[in-house]
Amino acid sequence: MTQQETHMVPPPETDTPAPPDGAGSPPPARPDAPAGAAGRRRPPGTERSPWRVFLRKPSTLVFLPLLGLFVLIAALGPLLVGDPSATGNAELLAPSAAHPLGTDHLGRDYLARVVNGGQISLLVGFTVAVLCMTIGLVVGGLAGYHGGWMDTLMVKLAEFFQVLPGIVLALVAAALLGANVFIIVAILSITMWPAVARIVRAEAMRISQLGYVESARAAGFRSVRIIWSDVLPNALPPVLVATSMTVGRAILIESGLAYLGIGDPSHPSWGALLNSAQAYMRDGWWLAVAPGLCIFLVVLAVNMLGDALNDAYNPTVGRVK
Amino acid sequence: MSSLILFIAVITVLFFLLEMAPGDPIQTLVGDVPLSEAFRAQITAAYGLDKPVWERYVLYLGNVFTGNLGFSFGTNNEPVLDLILSRAGNTLALAVPAFLISTIGGIILGSIAARTRKRWLDGGISGGAVALFSVPNFWFGMLLIMVFSIWLGWFPTQGKSPYGQPGIGFEYLVLPVITMATSELAYKTRIMRSSMIESLGQDFVDTARSKGLSSSHLLWRHALPNALLPMVTVSGYSLGYILAGSVLVERVFGWPGMGLLFIDAINRQNNMVILGVVIVLTVVIILVNILTDVVYGLVDPRLRAQFSPQRTLPPEGRQDRQSDEVAA
């Protein structure tokens, strides 16, 4: 994602010497400082932790619980709703008390199907994001820190995957290899890691120039250790933002594949439900509404949380004077 | 040069991927009927499938550079390139308007959001952009069909022209173009907003403001040219995404373009068509990337300064020249 690359992260806190009174404990309060003055500039080193800024943002307060709710429903919901493949004799019933989301063309309870469908989308989204973050951290970290042939190789590989948009490669590969959940996760991870790796690489290049990495090198630490304990932790905030975007994009691509009929037939996901809903748009509008709304809300939640995280870590970006 | 290597790499990977694919394309071609050995051998030879993989690969690669993408694995045996070209126009009829709408709209909306930063208008635009960016675009298309075609009856639901008539009907074009444009519009608005905010924070904008220029002049004449740079890059990529996304949009609207051809080929294991579509897409994307670099050079004021005689003045003279320009 280009937009994250343009955002420069303020120098990490570890760059400044820790307060002498020990980490974690608040600095001694100055008696002359006015208490609780809003918007007051804090002395260096005592800024509010970005995590707390993030957790107190209004959008976080809305979307973190929303995402949690979806995860909870995906984890426990299938136990509470009935059998998603049990057919009834009432086909295409509009939403009612007995069937809160109506029934589909085979008389199956749609709520049960939507709740079960969420598992695949969320599983794919989060697994792909974790895999991309892992690959991205390793490859991007090594490339950015070492440079040289490793860097060249990584940039070329990333370029290869960026020429063709992920969905095209995913379509071809999923159609060829068959489409179970593992294969889809693998394909999406392979096509989507470069986005994360490029950000890690840029961060690693920047951080490698900083003084404390220089001194770690002078102290004779091995480079793997420097990357692991000095470079990567400080590269984490932009990486987390990119990862949250990966969750959203993976869910969108997975549902798109399933909508095109390329998905795991034994575990229908939200995209697959929309695929069959297309034929009944005239007679059963509710079939097309619920699964799409779920995809939308989950992707919106992860994107909003990514934005909030980005804002919390880069409060000064683009401040208008 | 590196584009050429990239291009060959894409073909190579896909060629061998398709080669490894399970399933029997000849059986798929004939359908679900028993196949005699003699007939199978005849078809295999007719398509050149009896040659070793490497030989076919080298042959195919050579053919690609002469514009021969092989023959469709179907009853008509059409050349793949003709098949693609016959559909490409339909896809471009969606992609070009979607590209223009999303780019121009993104520049305008993003600039307005940046100008009204942290006020309700910005909140509305930015919030709307994140929301649209998160909508699965095929679902958005389905909703449009439900509301505007089924309930209101303003637009047709499917296809590209009235039954049996050639060409493209305007009323058939509206919903798919909107569907294609929205998520790109949202993305470009976000990019434009952040790059415009950055641009407005630069020193030369302060300088211009201190000269008492109106804020709209400041925005459109001074900040905009600089803020456009990231947009050029994003627009380059976005054409690729629009073309790739056409697979979904064309499926929703039953639009007979390259995307539908692609899905069809995948479902029927029509390997030559799959390869052909991907090759055409790759060529377009690589060309657009090259074009993006050229446009970037034309738009970037710093690069342009090297060639423009006005800007080669010594630093102290440049200030005067700028104020002259403003006065003119």
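Cβ coordinates come from backbone N, Cα and C, glycine included.
Not measured: the values here are computed from a predicted model.
Per TrEMBL, the feature region 'Disordered' maps to A:1-51.
According to TrEMBL, the compositional bias 'Pro residues' annotation covers A:9-31.
Here the transmembrane segment (A:61-81) has Cβ contacts under 8 Å with residues 55, 109, 111-112, 115-116, 118-119, 122-123, 294, 297-298, 300-302, 304-305, 308 of the same chain, all six or more residues outside its ends. The transmembrane segment feature in TrEMBL is assigned to A:61-81 (among others).
Residues or ranges marked as domain 'ABC transmembrane type-1' in TrEMBL: A:118-306.
Within the chain carrying the transmembrane segment (A:120-145), a Cβ under 8 angstroms from the stretch's Cβ atoms is held by residues 70-71, 74, 151, 153-155, 181, 184-185, 188-189, 192-205, 208, 223, 226-227, 231-232, 235, 239, 242-244, 246-248, 250-251, 254-255, 258, 263-264, 267-271, 294-295, 298, 302, all 6 or more beyond its ends. Summarising the annotation, TrEMBL assigns transmembrane segment to A:120-145 (among others).
As annotated by TrEMBL, transmembrane segment applies to A:157-176 (among others). Beyond its flanks by at least six residues, the transmembrane segment (A:157-176) meets 183-184, 187-188, 190-194, 197-198, 249, 253, 256-257, 260, 262 of its own chain at Cβ-Cβ distances under 8 Å.
Beyond the transmembrane segment (A:182-200), the same-chain residues lying 6 or more positions past its ends with a Cβ under 8 Å from any Cβ of the stretch are 1, 4-5, 123-124, 127-128, 131-133, 135-137, 139-141, 143-144, 154, 157-158, 161-162, 166, 169-170, 173-174, 232, 235, 238-239, 242-243, 245-246, 249-250, 253-254, 257, 263-264. Look at TrEMBL and you will find A:182-200 (among others) tagged as transmembrane segment.
Annotated transmembrane segment per TrEMBL: A:285-305 (among others), in sequence order.
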Remote residues contacting the transmembrane segment (A:285-305) - C-beta distance under 8 A, at least 6 residues beyond either end: 59-60, 62-64, 66-67, 70, 94-95, 101-102, 104-105, 110, 114, 117-118, 121-122, 125, 244-245, 247-248, 251-252, 255, 270-271, 273-274, 276-278
